[in-house]
Amino acid sequence: MGKNKVVLLFSGGIDSTVLLFWLLSRNYEIFPLFINYGQKSYEGELEAINKILKDLNTKNNLLTLNMPELQLVGSGALVGEYPKNISSHNEWYASEFFPNRNMILLSIAATYGYKLQISKIAIGVVGDSYQDTTRTFLEAMEMTLAQSIARYELIAPFAGHPRQKVIEEAYRLQVPLKSTFSCNAMGNRHCLLCTSCYEREKAIQLHEQCGKERAEKSDF
């Protein structure tokens with residue numbers, strides 16, 4: 001299988017966009033894959049993806065899979081099942097869990113990779129807040145795929161790291177964070193209330209602060 005080729009699960013959010021730039025900086029040939037699994041943010045995500053890829057003039061076209069019926073077997077705020085009486089970002093964050101989402105997405109990406117003879121899959125997971133964003137899960141998924149179809153390397157450089165790591169990479173790679181889209185309540189604009197909007201705004205502020213701090217250091 002192609003050694004320097006990778007299937008990227010791309011959502012147009014900060015994490016997968018920074019991962020896109022990270023992969024490009026390492027000279028990977030990227031095959032972007034976007035999956036519509038019935039998420040409320042589908043339109044905004046796809047619009048952001050198309051803009052980012054157009055600006056980068058990437059070699060390979062985006063493959064978009066429309067599978068909105070997956071929302072019928074899933075649950076949570078991501079597919080419009082909003083919780084009642086939410087009083088904190090932590091409660092909203094917990095409600096956004098779509099059970100088994102990353103296993104589903106990685107399985108589809110692996111199938112696509114098999115067709116293209118690509119043995120690497122990249123996914124922009126950060127930290128370990130959910131079970132399917134941990135290193136343990138990713139390693140188990142590699143083993144499962146090896147038993148199922150072929151050996152794959154799951155590239156997830158930010159797994160297990162705090163978001164600050166992503167922001168530092170975004171600054172280093174000059175990622176246009178404001179071109180990204182992350183909202184779990186609205187279809188094509190940011191609600192500025194959900195956890196994803198909150199995290200995105202916080203990330204942009206940290207990114208700008210990082211730039212100011214480095215500029216101040218360079219003055220000495």
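From the backbone N, Cα and C atoms, a Cβ is placed for every residue, glycine too.
Not measured: the values here are computed from a predicted model.
What Swiss-Prot lists as ATP binding site is Phe10, Ser11, Gly12, Gly13, Ile14, Asp15, Ser16, Thr17, Val18, Leu19, Leu20. Other Cβ atoms within 10 Å of the Cβ of Phe10 (ATP binding site) number 28 in total over all chains.
As annotated by Swiss-Prot, Zn(2+) binding site applies to Cys183, Cys191, Cys194, Cys197. Cys183 (Zn(2+) binding site) carries neither a helix nor a strand DSSP state and counts as coil.
Neighbour count (other Cβ atoms within 10 Å of the Cβ, all protein chains): 24 for Ser16 (ATP binding site). For the binding-site residues given as Val18, Leu20, the lowest number of other CB atoms within 10 Å of the residue's CB is seen at Leu20. Within 10 Å of the C-beta atom of Cys191 (Zn(2+) binding site) sit 14 other C-beta atoms, taking all shown protein chains into account. For the binding-site residues Ile14, Cys183, the largest tally of other C-beta atoms within 10 A is found at Ile14. Cα of Ile14 (ATP binding site) to Cα of Cys194 (Zn(2+) binding site): a span of 15 Å.
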